[in-house]
Amino acid sequence: MELLKQRIREEGHVLGDKVLKVDSFLNHQIDPVLMMEVGEEFARRFADAGVTKILTIESSGIAAAMTAALKMDVKVVFARKKKSALMNEEVYMTKVHSFTKNETNEVTVLKKFLGANEKVLIIDDFLANGEAAMGLAHLVEQAGSEVVGIGIVIEKAFQDGGKRLRQHGFKVESLARIAAFTDGQVQFVEECVQA
Ligand code: 5GP
(Lines of atoms letter the chains of each structure in order from A and count residues from 1; the text may use other names and numbers.)
(Lines give C-alpha, C1' and ligand atoms only; values in the text may rest on other atoms or scores of the structure.)
Protein backbone atom coordinates (compact mmCIF):
# COMPACT_ATOMS: atom_id res chain seq x y z
CA MET A 1 0.00 0.00 0.00
CA GLU A 2 1.94 2.97 -1.37
CA LEU A 3 0.39 5.66 0.83
CA LEU A 4 1.27 3.72 3.98
CA LYS A 5 4.83 3.12 2.79
CA GLN A 6 5.22 6.81 2.08
CA ARG A 7 4.07 7.71 5.61
CA ILE A 8 6.47 5.14 7.09
CA ARG A 9 9.34 6.63 5.07
CA GLU A 10 8.46 10.18 6.10
CA GLU A 11 7.47 9.70 9.74
CA GLY A 12 8.92 6.39 10.91
CA HIS A 13 11.80 6.27 13.39
CA VAL A 14 13.97 3.20 13.57
CA LEU A 15 14.93 2.24 17.12
CA GLY A 16 17.92 -0.07 17.37
CA ASP A 17 17.93 -2.67 14.60
CA LYS A 18 14.48 -4.21 15.05
CA VAL A 19 11.85 -1.69 16.14
CA LEU A 20 9.97 0.91 14.14
CA LYS A 21 8.19 3.78 15.82
CA VAL A 22 5.22 5.20 13.95
CA ASP A 23 3.55 7.05 16.77
CA SER A 24 2.46 10.01 14.61
CA PHE A 25 -0.22 7.98 12.78
CA LEU A 26 -0.64 4.52 14.34
CA ASN A 27 0.82 3.85 17.79
CA HIS A 28 -0.04 6.98 19.75
CA GLN A 29 -1.59 9.66 17.59
CA ILE A 30 -3.93 8.12 15.02
CA ASP A 31 -4.52 9.48 11.53
CA PRO A 32 -8.16 8.57 10.83
CA VAL A 33 -7.90 9.29 7.10
CA LEU A 34 -4.98 6.91 6.68
CA MET A 35 -6.70 4.35 8.92
CA MET A 36 -9.81 4.49 6.72
CA GLU A 37 -7.63 3.67 3.71
CA VAL A 38 -6.02 0.83 5.68
CA GLY A 39 -9.46 -0.54 6.57
CA GLU A 40 -10.60 -0.32 2.94
CA GLU A 41 -7.50 -2.19 1.79
CA PHE A 42 -8.10 -4.99 4.31
CA ALA A 43 -11.74 -5.19 3.25
CA ARG A 44 -10.64 -5.48 -0.40
CA ARG A 45 -8.02 -8.16 0.30
CA PHE A 46 -10.35 -10.30 2.42
CA ALA A 47 -13.52 -9.63 0.41
CA ASP A 48 -13.99 -13.32 -0.44
CA ALA A 49 -13.20 -14.73 3.00
CA GLY A 50 -16.74 -14.53 4.37
CA VAL A 51 -15.58 -12.66 7.47
CA THR A 52 -18.19 -12.45 10.24
CA LYS A 53 -16.04 -10.95 13.01
CA ILE A 54 -12.75 -9.09 13.42
CA LEU A 55 -10.46 -9.81 16.37
CA THR A 56 -7.54 -7.63 17.42
CA ILE A 57 -5.52 -6.94 20.56
CA GLU A 58 -5.38 -3.73 22.55
CA SER A 59 -4.37 -1.13 21.92
CA SER A 60 -2.66 -0.35 18.64
CA GLY A 61 -4.57 -2.88 16.54
CA ILE A 62 -7.90 -1.28 17.33
CA ALA A 63 -7.86 1.62 14.86
CA ALA A 64 -7.15 -0.55 11.80
CA ALA A 65 -9.53 -3.26 12.98
CA MET A 66 -12.26 -0.69 13.49
CA THR A 67 -12.06 0.80 10.01
CA ALA A 68 -11.87 -2.65 8.40
CA ALA A 69 -14.91 -3.73 10.43
CA LEU A 70 -16.80 -0.64 9.31
CA LYS A 71 -16.08 -1.46 5.66
CA MET A 72 -16.91 -5.16 6.08
CA ASP A 73 -20.01 -4.47 8.15
CA VAL A 74 -19.00 -6.75 11.05
CA LYS A 75 -18.27 -6.24 14.74
CA VAL A 76 -14.75 -5.90 16.10
CA VAL A 77 -13.59 -7.41 19.40
CA PHE A 78 -10.29 -6.50 21.02
CA ALA A 79 -8.57 -8.95 23.31
CA ARG A 80 -7.47 -7.42 26.61
CA LYS A 81 -3.96 -7.66 27.95
CA LYS A 82 -4.82 -6.85 31.55
CA LYS A 83 -7.63 -8.29 33.63
CA SER A 84 -10.35 -5.79 34.39
CA ALA A 85 -12.72 -5.99 37.34
CA LEU A 86 -15.47 -5.48 34.78
CA MET A 87 -14.61 -8.78 33.09
CA ASN A 88 -16.32 -10.86 35.75
CA GLU A 89 -17.76 -13.27 33.22
CA GLU A 90 -16.37 -16.35 31.48
CA VAL A 91 -13.36 -15.70 29.26
CA TYR A 92 -11.09 -17.42 26.79
CA MET A 93 -7.48 -16.90 27.81
CA THR A 94 -4.06 -17.39 26.30
CA LYS A 95 -0.56 -16.17 27.09
CA VAL A 96 1.17 -13.76 24.72
CA HIS A 97 4.76 -12.59 25.00
CA SER A 98 5.09 -8.95 24.00
CA PHE A 99 8.00 -8.23 21.66
CA THR A 100 8.22 -4.53 22.51
CA LYS A 101 7.56 -4.74 26.26
CA ASN A 102 9.36 -8.05 26.84
CA GLU A 103 6.64 -9.28 29.19
CA THR A 104 4.09 -12.08 29.01
CA ASN A 105 0.44 -11.16 29.37
CA GLU A 106 -2.64 -13.24 29.98
CA VAL A 107 -4.76 -12.13 27.06
CA THR A 108 -8.50 -12.55 27.41
CA VAL A 109 -11.75 -12.20 25.49
CA LEU A 110 -15.20 -12.55 26.99
CA LYS A 111 -16.80 -15.76 25.70
CA LYS A 112 -20.00 -13.93 24.88
CA PHE A 113 -18.19 -11.82 22.27
CA LEU A 114 -16.42 -14.69 20.49
CA GLY A 115 -18.88 -17.42 19.73
CA ALA A 116 -18.59 -20.67 17.80
CA ASN A 117 -18.85 -20.91 14.01
CA GLU A 118 -17.56 -17.41 13.34
CA LYS A 119 -15.23 -16.67 10.42
CA VAL A 120 -12.68 -14.48 12.11
CA LEU A 121 -10.27 -12.01 10.56
CA ILE A 122 -7.38 -11.21 12.91
CA ILE A 123 -5.91 -7.73 12.53
CA ASP A 124 -2.86 -6.22 14.21
CA ASP A 125 -0.64 -3.18 13.75
CA PHE A 126 2.74 -4.97 13.57
CA LEU A 127 3.97 -8.49 12.90
CA ALA A 128 7.31 -9.40 14.44
CA ASN A 129 7.61 -12.95 15.82
CA GLY A 130 3.93 -13.77 15.44
CA GLU A 131 3.22 -14.16 19.15
CA ALA A 132 0.22 -11.82 19.23
CA ALA A 133 -1.38 -13.27 16.08
CA MET A 134 -0.81 -16.87 17.21
CA GLY A 135 -2.31 -16.02 20.61
CA LEU A 136 -5.38 -14.49 18.98
CA ALA A 137 -5.70 -17.55 16.71
CA HIS A 138 -5.58 -19.72 19.83
CA LEU A 139 -8.51 -17.75 21.33
CA VAL A 140 -10.49 -18.28 18.10
CA GLU A 141 -9.74 -22.01 18.24
CA GLN A 142 -10.90 -22.20 21.87
CA ALA A 143 -14.17 -20.57 20.82
CA GLY A 144 -14.72 -23.21 18.12
CA SER A 145 -14.43 -20.67 15.32
CA GLU A 146 -12.19 -20.40 12.27
CA VAL A 147 -9.43 -17.93 11.42
CA VAL A 148 -10.04 -16.98 7.78
CA GLY A 149 -7.21 -14.49 7.54
CA ILE A 150 -4.67 -12.33 9.28
CA GLY A 151 -4.32 -8.68 8.28
CA ILE A 152 -1.20 -6.83 9.36
CA VAL A 153 -0.53 -3.14 8.86
CA ILE A 154 3.28 -3.40 9.03
CA GLU A 155 5.13 -6.70 8.76
CA LYS A 156 8.81 -6.84 9.63
CA ALA A 157 9.65 -9.59 7.16
CA PHE A 158 13.14 -10.03 8.62
CA GLN A 159 11.58 -11.52 11.74
CA ASP A 160 10.01 -14.98 11.88
CA GLY A 161 6.33 -14.19 12.45
CA GLY A 162 5.21 -14.06 8.81
CA LYS A 163 6.89 -17.36 7.98
CA ARG A 164 5.49 -18.98 11.10
CA LEU A 165 1.89 -17.90 10.39
CA ARG A 166 2.04 -18.78 6.68
CA GLN A 167 3.56 -22.19 7.44
CA HIS A 168 0.66 -22.73 9.78
CA GLY A 169 -1.60 -22.29 6.75
CA PHE A 170 -3.00 -18.86 7.55
CA LYS A 171 -3.63 -16.37 4.77
CA VAL A 172 -1.54 -13.37 5.87
CA GLU A 173 -1.91 -10.02 4.13
CA SER A 174 0.47 -7.25 5.17
CA LEU A 175 0.01 -3.73 3.82
CA ALA A 176 3.69 -2.83 4.17
CA ARG A 177 6.49 -5.39 4.37
CA ILE A 178 9.84 -4.29 5.69
CA ALA A 179 12.90 -6.24 4.56
CA ALA A 180 15.46 -4.48 6.73
CA PHE A 181 16.47 -1.37 8.58
CA THR A 182 19.66 -0.20 6.91
CA ASP A 183 21.53 2.71 8.52
CA GLY A 184 18.34 3.78 10.24
CA GLN A 185 16.38 3.74 6.96
CA VAL A 186 13.43 1.49 6.17
CA GLN A 187 13.87 -0.85 3.23
CA PHE A 188 10.69 -2.42 1.91
CA VAL A 189 10.61 -5.95 0.51
CA GLU A 190 9.78 -4.76 -3.04
CA GLU A 191 12.80 -2.43 -3.05
CA CYS A 192 15.08 -5.34 -2.18
CA VAL A 193 13.61 -7.52 -4.94
CA GLN A 194 14.18 -4.75 -7.49
CA ALA A 195 17.72 -4.00 -6.29
P1 5GP B 1 4.74 -10.24 17.58
O2 5GP B 1 3.67 -10.67 18.53
O3 5GP B 1 4.43 -10.55 16.16
O4 5GP B 1 6.09 -10.71 18.01
O5 5GP B 1 4.80 -8.68 17.70
C6 5GP B 1 3.71 -7.91 17.30
C7 5GP B 1 3.20 -7.04 18.43
O8 5GP B 1 4.29 -6.36 19.05
C9 5GP B 1 2.27 -5.99 17.88
O10 5GP B 1 1.04 -6.12 18.55
C11 5GP B 1 2.92 -4.66 18.20
O12 5GP B 1 2.16 -3.98 19.16
C13 5GP B 1 4.26 -4.98 18.81
N14 5GP B 1 5.40 -4.68 17.89
C15 5GP B 1 6.27 -5.58 17.37
N16 5GP B 1 7.22 -4.97 16.66
C17 5GP B 1 6.95 -3.66 16.71
C18 5GP B 1 7.61 -2.49 16.15
O19 5GP B 1 8.63 -2.55 15.46
N20 5GP B 1 7.03 -1.29 16.43
C21 5GP B 1 5.90 -1.17 17.18
N22 5GP B 1 5.42 0.06 17.39
N23 5GP B 1 5.26 -2.24 17.73
C24 5GP B 1 5.79 -3.47 17.50
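These residue numbers are counts, starting from 1, taken along the chain as shown.
Using the three backbone atoms N, Cα and C, a Cβ is placed for every residue, glycine included.
Nobody curates TrEMBL annotations by hand; they come from automatic prediction.
Checking the candidates LYS156, LYS163, LYS171 against TrEMBL: the one annotated together with LEU20, ASN27 at the xanthine site is LYS156.
The record assigns LEU20, ASN27, LYS156 to the xanthine site; their largest pairwise CA distance measures 16 Å. The binding-site residues shown are LEU20, ASN27, LYS156; of these, the one with its CA atom nearest the CA of GLY130 (5-phospho-alpha-D-ribose 1-diphosphate binding site) is LYS156. Around the Cβ of LEU20 (xanthine binding site), a 10 Å sphere holds 19 further Cβ atoms from the protein chains shown.
Excluding ALA128, ASN129, GLY130, GLU131, ALA132 themselves, the residues of that chain whose CB lies within 8 A of the CB mean position for the 5-phospho-alpha-D-ribose 1-diphosphate site are, in sequence, HIS97, PHE99, LEU127, ALA133, MET134, GLN159, GLY161, ARG164.
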